[in-house]
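Enquirer: Below you'll find the structure I mean.
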Amino acid sequence: MTTPTAGTPVSESSTAGQTPTAKPEPDAVPAQDAGAEDDAAADTDAAAPSAAHVAAQPADVREEEAAQAKEETIPALDLSGVVSGYEDTTVLRGVSLTVPRGTAVALLGPNGAGKTTLLRTVCGLLRPTAGRVEMEGTDITRLAPHRRARLGLCHIPEGRGIFRSLTVRENLIMQSFPGGESAAIERAVEAFPVLGERLTQTAGTLSGGQQQMLAMAQAHVRSPKLILVDEASLGLAPVIVDEIFAFLQAVSAEGTSLLLVDQFVVRALGIATTAYVLRRGEIVFGGPAAELMSEDVFARYVGGAED
Ligand SMILES: Nc1ncnc2c1ncn2[C@@H]1O[C@H](COP(=O)(O)OP(=O)(O)OP(=O)(O)O)[C@@H](O)[C@H]1O
């Protein structure tokens with residue numbers, strides 16, 4: 001695991017002109033059921049409100065629903081042609097990738113392919129030299145990391161990113177809104193009951209699995225819209241991995257969007273709807289996660305290591 005040079009731009013002589021691999025389209029939003037709305041209008045008539053109200057209400061509802069449907073088609077995260085890396089090393093070479101809203105997406109690839117670099121670029125630790133990063137339709141390419149966090153972006157880095165010398169309680173409170181400390185702890189303990197027994201323990205003395213749970217809980221108390229998870233299962237016992245992935249699946253089911261990097265490929269694909277494979281800084285596969293589960297496709301795209 002390498003340490004990022006925060007905010008370090010890559011050289012301008014990068015491969016910005018390369019053509020990104022096609023991205024899978026987010027699921028189409030079903031058309032509005034106009035007939036059902038007409039029925040609703042008829043019901044309203046029976047209740048005998050004013051004629052003006054009856055005429056205005058369905059149109060308002062339709063507009064609101066259309067706006068909501070349109071909003072739901074805007075992806076949680078959209079990268080186009082992103083070139084990024086470290087000082088004079090270009091790692092990502094024109095990466096395009098989409099996380100449809102409310103879904104989990106797995107990002108796979110051999111060691112050194114650039115997965116961590118991609119997550120660091122999305123959260124703002126690294127600034128791309130070309131391309132665009134959008135979150136829910138907002139261009140965040142040049143936004144500072146703390147401003148991305150305010151928009152609802154959360155990064156759980158490899159190594160967990162917790163404050164080891166602070167207690168579990170202090171780590172959780174740091175993520176809460178002023179006045180929301182008790183609610184934050186309650187939410188964290190509800191997700192990971194073991195943390196409730198360890199609130200006064202310093203985070204550095206927790207087991208590896210408990211530290212990973214604390215990192216997940218820290219993200220959870222902020223109710224983020226999009227979570228980037230880097231190697232959540234690294235070095236953990238299978239039973240803890242089960243718990244971590246059950247948690248990720250639950251937050252995904254609640255509508256939080258996820259971008260998962262994990263060497264435990266089967267687990268990552270198990271909760272993802274879409275998967276991408278990165279090799280040497282380029283997307284070589286993007287499609288349904290189930291497709292990647294097939295042996296041939298898996299061996300073709302995920303097997304081996306970068307040389
Ligand atoms: N701080 C850094 N400075 C220079 N090069 C770096 C730095 N961090 C990573 N790299 C290089 O960037 C390339 C991509 O590394 P990255 O950590 O993004 O890959 P990865 O796909 O996440 O690998 P792994 O699965 O092993 O974690 C590697 O060649 C790595 O040596």
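We count from 1, first residue shown onward.
Each residue, glycine too, has its Cβ placed from N, Cα and C.
Okay, so TrEMBL annotates it like this:
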type	residues	note
COMPBIAS	1-21	compositional bias 'Polar residues'
REGION	1-71	region 'Disordered'
COMPBIAS	43-59	compositional bias 'Low complexity'
COMPBIAS	60-71	compositional bias 'Basic and acidic residues'
DOMAIN	77-305	domain 'ABC transporter'
Enquirer: Mean pLDDT across the domain 'ABC transporter' (77-305), rounded to an integer, is what?
Expert: 92
Enquirer: With DSSP, how much of the compositional bias 'Basic and acidic residues' (60-71) is helix, how much strand and how much coil, in residues?
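Expert: Counting residues per DSSP class in the compositional bias 'Basic and acidic residues' (60-71), I get 12 helix, 0 strand, 0 coil.
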